[in-house]
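Input: a single structure, listed below in structure tokens.
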Amino acid sequence: MTTNTVSRKVAWLRVVTLAVAAFIFNTTEFVPVGLLSDIAQSFHMQTAQVGIMLTIYAWVVALMSLPFMLMTSQVERRKLLICLFVVFIASHVLSFLSWSFTVLVISRIGVAFAHAIFWSITASLAIRMAPAGKRAQALSLIATGTALAMVLGLPLGRIVGQYFGWRMTFFAIGIGALITLLCLIKLLPLLPSEHSGSLKSLPLLFRRPALMSIYLLTVVVVTAHYTAYSYIEPFVQNIAGFSANFATALLLLLGGAGIIGSVIFGKLGNQYASALVSTAIALLLVCLALLLPAANSEIHLGVLSIFWGIAMMIIGLGMQVKVLALAPDATDVAMALFSGIFNIGIGAGALVGNQVSLHWSMSMIGYVGTVPAFAALIWSIIIFRRWPVTLEEQTQ
């Protein structure tokens, strides 16, 4: 009896440590959103010019997720996690030391390499290490780590950047990663590769129209979100005319609302996943359309950010759950593709926001984001009517 209790505790401790790792990886991806103005000032650049760093990072992840996953498909997972954390930590040290914007971008590419592998294996590892009958809760913990990156990681990173300089933000993330690495070394057993798939899995996955439709929906809706979200910090300060402290509070509010979205999806996702995702996309569309009109009031922007955060968390969870349900025989390949496609959307959205800000007006980022958001809404309605059972019932 005691052995079972201890083993369950250890199993949960392993999953929690993975969730902390997810928090750290997501924090470092999102945190530049809150530091763009400071980094731009440091290198005497325009904020929109620095924003291209977001696109480069995201597209490196998109490009390398599948190749790296296939290259490491037979590598024992504990060893793989240790190696990618070493690369992650070293890259953050370089970010801290970066003496030019080019060096900063190079350091971020190193982080992106580690990111590409991490997110292709994390969901399946959490499921493997979860106590018996607790797979859904394990995935929920990983999702919570992701949500907390928005709730705590991004705002805390911005606060550290405001008071101690943006370099210290990256250094602090590196220290957090080092502590997490030591915990992983202590806790994780040997984890031989399982269900990782191979190149042979790709034609099989590509022949699943429901899965391909989810991938397409993902890239379009993420593009819509990041067209505006990538530049929300300079938008709040330069377009709305509010303080840097309010920009920090708004990021905290938007991220915190994601936890509400996670709770809603946790309660209703099993029965109404498709309806929830479509409703969330419609809510995102409304938020983007109202971004500029809401910029005349801190209260209006605050309320809008709550609904925006709820919508994006439901969308993100819904997409991940459906991908895992539609590819149980090749989870690592499917999640590597998902991570790559998600990051194509991040990069595309950041690039669109960059071009709108440079060549038109940053005030228009919300309106421009409504175009892919509307397309995503129509596509979600079409595919969820076309495959209502396939998407909902394969988890049973």
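Note that Cβ sites are derived from N, Cα and C of the backbone, with glycine treated the same way.
What Swiss-Prot lists as topological domain 'Cytoplasmic' is 1-14 (among others), and the listing cites sequence analysis.
With a cut-off of 8 Å between Cβ atoms, the residues of this chain six or more beyond the topological domain 'Periplasmic' (36-49) that come close are 100-101, 104, 161-162, 165-166, 231, 233-234, 237-238, 244, 354, 357-358, 362. Sequence annotations record features per position, and here Swiss-Prot assigns topological domain 'Periplasmic' to 36-49 (among others) based on sequence analysis.
For the topological domain 'Cytoplasmic' (71-80), the mean pLDDT of the prediction comes to 85. Swiss-Prot lists 71-80 (among others) with the feature topological domain 'Cytoplasmic'.
The DSSP breakdown of the topological domain 'Cytoplasmic' (124-135) into helical (H, G, I), extended (E, B) and coil residues amounts to 7 helix, 0 strand, 5 coil. Taken from Swiss-Prot, the feature topological domain 'Cytoplasmic' applies to 124-135 (among others), supported by sequence analysis.
For 157-169 (among others), the entry in Swiss-Prot reads topological domain 'Periplasmic', with the evidence type sequence analysis. Break the topological domain 'Periplasmic' (157-169) down by DSSP state and the numbers are 12 helix, 0 strand, 1 coil.
What Swiss-Prot lists as topological domain 'Cytoplasmic' is 191-208 (among others), and the listing cites sequence analysis.
Counting residues 6+ beyond its ends, the topological domain 'Periplasmic' (230-245) has Cβ neighbours under 8 Å at 33-37, 47-48, 51, 54, 158, 162, 251, 254, 291-292, 295-296, 298, 301, 346, 349-350, 353-354, 357, 362-363, 365 in the same chain. The topological domain 'Periplasmic' annotation in Swiss-Prot covers 230-245 (among others).
The topological domain 'Cytoplasmic' feature in Swiss-Prot is assigned to 267-274 (among others).
Summarising the annotation, Swiss-Prot assigns topological domain 'Cytoplasmic' to 320-332 (among others) and lists sequence analysis as the type of evidence.
The DSSP breakdown of the topological domain 'Periplasmic' (354-363), given as helix, strand and coil counts, is 8 helix, 0 strand, 2 coil. Annotated topological domain 'Periplasmic' per Swiss-Prot: 354-363 (among others), in sequence order, evidence recorded as sequence analysis.
The topological domain 'Cytoplasmic' annotation in Swiss-Prot covers 385-396 (among others).
Residues 53-54, 57-58, 81, 85, 88, 92, 108, 111, 114-115, 118-119, 122, 125-126, 129-130, 138, 141-142, 144-146, 148-150, 152-155, 157-158, 161, 166, 169-170, 173, 176-177, 180, 183-184, 187-188, 229-230, 232-233, 247-248, 251, 346 of the same chain lie 6+ residues outside the transmembrane segment (15-35) yet bring a C-beta within less than 8 angstroms of a C-beta in it. Annotation comment: Swiss-Prot describes 15-35 (among others) as transmembrane segment.
Annotated transmembrane segment per Swiss-Prot: 50-70 (among others), in sequence order. Within the chain carrying the transmembrane segment (50-70), a Cβ under 8 angstroms from the stretch's Cβ atoms is held by residues 29, 32-33, 36, 39-40, 43, 101, 104-105, 108-109, 111-113, 115-117, 119-121, 196, 198-199, 226, 230-231, 332-333, 336-337, 339-348, 350-351, 353-354, 357, all 6 or more beyond its ends.
Residues or ranges marked as transmembrane segment by Swiss-Prot on the basis of sequence analysis: 81-101 (among others).
Swiss-Prot lists 103-123 (among others) with the feature transmembrane segment.
According to Swiss-Prot, the transmembrane segment annotation covers 136-156 (among others).
Most Cβ pairs under 8 Å with the transmembrane segment (81-101) belong to 170-190, among the candidate stretches 136-156, 170-190, 246-266.
The stretches the transmembrane segment (209-229) and the transmembrane segment (364-384) meet in space: the count of Cβ pairs below 8 angstroms, excluding pairs fewer than 6 apart in sequence, reaches at least three. Pairs of Cβ atoms less than 8 Å apart link the transmembrane segment (364-384) most often to 275-295, out of 275-295, 299-319, 333-353. Between the transmembrane segment (103-123) and the stretches 136-156, 246-266, 299-319, 333-353, it is 333-353 that has the most C-beta pairs under 8 angstroms. Counting only same-chain residues 6+ beyond the ends of the transmembrane segment (333-353), those with a CB under 8 A from a CB of the stretch are 29, 51-52, 54-59, 61-66, 68-70, 116, 119-124, 196-198, 201-202, 205, 211, 215, 218-231, 319-320, 323-324, 326-327, 365, 368-369, 372.
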